[in-house]
């Protein structure tokens, strides 16, 4: 399965179905036990989170949030890049990195097109009014061919050396602005448990390999550890991209003590035009936003640790029976029940106040459609990831029960002579390099059982090596094929492979350093990483 996942000779999801066939045939595990892994509690948590994310996309709530934040932060070059990165990172915490990037890059492209159009208007006598309207037009799913044309049109090099220099500067700005989106999407996904596949893999592997760990990795504990790391990485990534593509001209990039230029006013007008297209918040958007907030509150307050959560207070034995998948599926169910339009009032006859309006209302169906319909979920749900997670959980469970994990652990005993912090750093580096060529979910699925065996053999806390390995599986910054956000950004034609490799190499170093810092500072007291827990010891003895 490892070879098939790495080479993709058949689709990843199809490879994930192999345990259902071969484990029973080879006498490793019964078919009943293997099949249970494909929709366990962790997979249902991810499934529920994806349904909520689909509803956010369906009603364009993510686009409204993005435009609002960008309008607040402003359009100075440095602030515009920061705005794109903050919005992308925040959205990818809750919806898929691919969907976030697909939504953000057209907005970035429209702003860049408008800036370029304004530049031409300022330098030519005849204003190009037709180009402005084209730049303002945005589509959610832009085709790579059309955007490539707009990228090529910027390459109008004249004989004037100043014009040539300005053209090079403009190209660098385009590269920086588009690269920041895919990097922010990968970084943002690490902050929440459902933000990206590897995080869910860790949660499932911990439940499989260490059933007595008392749910040590839940939504709240993961967020407490990963969110500060995400903020630190985002800030350093922003500074690095600023230095690489825009230089360190603080007055020009930040705009201290300067007025808005015509180009900046034009970019602001694009964002305002897009916001105007969305119109006021609809009844459905408000409902989806409230349900989204409810889900986050339920996740954080289920079992906070320092006080009793609602699971313990409201339900007898709630801590034992209720996991994070329960609120996820509860909110997902509400999305199929609550109406998308304001319900009619039966006692009020609209024809008395406005006869024409009354006739129109009579034609409308009495019952509104729900906030989310199943055919939309069927179309947008990444079923391949659900199967990939299930196959990984089945593989991990069989590895533990067959004794393969214990055997792997014994082979790694000599590594006990290396300090734990060094092992964690090496693991981060190896995983970050490996994930450039392989699916991040497949990388986490393959490596995490091995890392747990390593931890048991040298008697250190399993999370000391599993947490860095999980986070590093999302650090695919160097190649266009490494992750879908990179591929989407690359398809827009501003970036060459070498540009991504150069920027991504430093990004990988920044990411590994940040993870090493996190695991050795606030991660230690949070998960008590200095001790070898009893639940890991008892599992090994079995």
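Cβ atoms here come from the backbone N, Cα and C positions, even for glycine.
Over in TrEMBL, the protein carries these features:
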COMPBIAS  144-153  compositional bias 'Low complexity'
REGION    140-165  region 'Disordered'
TRANSMEM  9-26  transmembrane segment
TRANSMEM  38-57  transmembrane segment
TRANSMEM  69-95  transmembrane segment
TRANSMEM  219-241  transmembrane segment
TRANSMEM  282-301  transmembrane segment
TRANSMEM  321-338  transmembrane segment
TRANSMEM  385-409  transmembrane segment
TRANSMEM  421-451  transmembrane segment
TRANSMEM  463-483  transmembrane segment
TRANSMEM  503-522  transmembrane segment
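Using the rule of three or more Cβ pairs under 8 Å, pairs at least 6 apart in sequence, the transmembrane segment (503-522) is in contact with the transmembrane segment (421-451). Within the chain, the transmembrane segment (463-483) has long-range Cβ neighbours (under 8 A, six or more residues past its boundaries) at 97, 182-183, 186-187, 189-190, 196, 198-199, 201-202, 205-206, 216-217, 225-226, 229, 420, 423-425, 427-429, 431-432, 435-437, 440-441, 443-444, 447-448, 451-452, 454-455, 489-490, 497, 500-501, 503-505, 507-508, 511-512, 515-516, 519, 523, 527, 529. With pairs at least 6 apart in sequence, the transmembrane segment (9-26) and the transmembrane segment (282-301) have fewer than 3 Cβ pairs within the 8 Å limit; the two do not touch. Ranked by number of Cβ pairs under 8 Å to the transmembrane segment (38-57), the listed stretches 9-26, 69-95, 321-338, 421-451 are led by 321-338. In terms of C-beta pairs under 8 Å, the stretch of 69-95, 321-338, 421-451 lying closest in packing to the transmembrane segment (9-26) is 421-451.
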